[in-house]
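Lifted from TrEMBL, the feature list:
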- 26-361: domain 'Ammonium transporter AmtB-like' (DOMAIN)
- 1-27: signal peptide (SIGNAL)
- 67-87: transmembrane segment (TRANSMEM)
- 94-114: transmembrane segment (TRANSMEM)
- 126-145: transmembrane segment (TRANSMEM)
- 152-171: transmembrane segment (TRANSMEM)
- 183-201: transmembrane segment (TRANSMEM)
- 213-233: transmembrane segment (TRANSMEM)
- 253-273: transmembrane segment (TRANSMEM)
- 280-298: transmembrane segment (TRANSMEM)
- 304-325: transmembrane segment (TRANSMEM)
Amino acid sequence: MARSPRRAGAPRLQLPLLCLLLQGATAILFAVFVRYNHETDAALWHWGNHSNSDNEFYFRYPSFQDVHVMVFVGFGFLMAFLQRYGFGSVGFTFLLAAFALQWSTLIQGFFHSLHGGYIHVSVNSMINADFCAGAVLISFGAILGKTGPAQLLLMTLLEVVLFGINEFVLLNLLRVKDAGGSMTIHTFGAYFGLVLSRVLYRPQLEKSKHRQGSVYHSDLFAMIGTIFLWIFWPSFNSAPTTLGDGQHRTALNTYYSLSASTLGTFAMSALVGERGRLDMVHIQNAALAGGVVVGTAGEMMLTPFGALTAGFLAGTVSTLGYKFFTPILEAKFKVQDTCGVHNLHGIPGVLGALLGVLVVGLATHEAYGEGSPAEAALPGFPGRLPVL
């Protein structure tokens, strides 16, 4: 039976009307609440008699660029392995991230940088907004192919709010150290997406499993995303950390952890694969687990050996998760994790939190230097740069 023109036109209007509504509401809220901070406002900057080279922009923007590439290029192409949803993975990543960074600027601003009735933004706000967008895209990976763009925008609207609340509780109230977001970004994004996947589960989806397959060129595109994420992950973890030795140490720890997780992934994939063959799903995803696992402890005195050990463990566990746990998750718990975010972000994120607890428990003032800024890694210090 043919659908009436009125009913057929309703879905067509959903996305444009929702985009216009959300963008209009966001613009109004920006006009009312958002202002430049003291390092961005021309009058306030020159009133402080600063040199232009003192502006934090020059120290933070290179890291922001790397994080931005990860969000808009890395995540999108990483999910392009599905032969039927390549356009959706890249295109919807573009849409969701563009909205999330605006909405999260407001939500994070209300929690962290509301002064005198205004939210004050800077390059730090851009970095933190991209982090929130990253969590949204992780959740998107769990339900890729199951929803349309309008539903994904509504998911983003809700998730950004919950992300802000979760981040505020962990970083501000509990004073948790989580600069690279093992808990606030990866674990939260993964399990939010898995809950949505369970809610969206339908028995008839079993009939469309053939659409989740990959072909040669789709796997090649996904590897582009993997390489972008792998290269820029040290910037992702170090972007919000304290300038100086803390940021330097975070980049080093992430660098070594990623290299070890890659070798662990290749070794374990060949070990559990049929006839010793490598599985591209493992290589595309589990090799990145080393970046996730040091998100919490990256700024701490993890040591290069500790970073290598953590990375190798994360790559190994992630690969085993793809091989053995993903089928159980679907068969027993009715959770269809399209991109395996539980194995790349969920489990390594939990391991990263435990690693952070371990390193903090072993911390001494002698290891960090009495009175040095590196003591920020000790308990009781804020977990991420303010959004100011």
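Each residue, glycine too, has its Cβ placed from N, Cα and C.
Any TrEMBL annotation is an automated prediction that lacks curation.
The transmembrane segment (280-298) shares more Cβ pairs under 8 Å with 253-273 than with any other stretch in the list 67-87, 94-114, 152-171, 253-273.
Segment contact holds for the transmembrane segment (213-233) and the transmembrane segment (67-87), given three or more CB pairs below 8 angstroms at sequence separation of 6 or more.
Counted over residue pairs 6 or more apart, the CB atoms of the transmembrane segment (94-114) and the transmembrane segment (152-171) come under 8 Å in at least three pairs, which marks the two as touching. Residues belonging to the domain 'Ammonium transporter AmtB-like' (26-361) score a mean pLDDT of 92 in the model. At the 8 Å Cβ threshold, with sequence separation of at least 6, the transmembrane segment (183-201) lacks contact with the transmembrane segment (253-273), having fewer than 3 such pairs. Same-chain residues lying 6+ beyond the ends of the transmembrane segment (126-145) with a Cβ under 8 Å from its Cβ atoms: 60, 63-64, 67-68, 70-71, 75-76, 78-79, 82, 84-85, 88-89, 92-93, 96-97, 100-102, 104-105, 107-108, 152, 155-156, 159-160, 163-164, 167, 181, 184-186, 188-190, 192-194, 196-197, 200, 211-212, 236, 239-240, 337-342, 345, 384-385, 387. Sequence-remote contacts of a segment are chain residues at least 6 beyond its ends whose Cβ falls under 8 Å from one of its Cβ atoms, and for the transmembrane segment (253-273) they are 180, 230, 233-234, 236-238, 279, 282-283, 286-291, 293-294, 297-298, 302, 304, 306-316, 318-320, 323.
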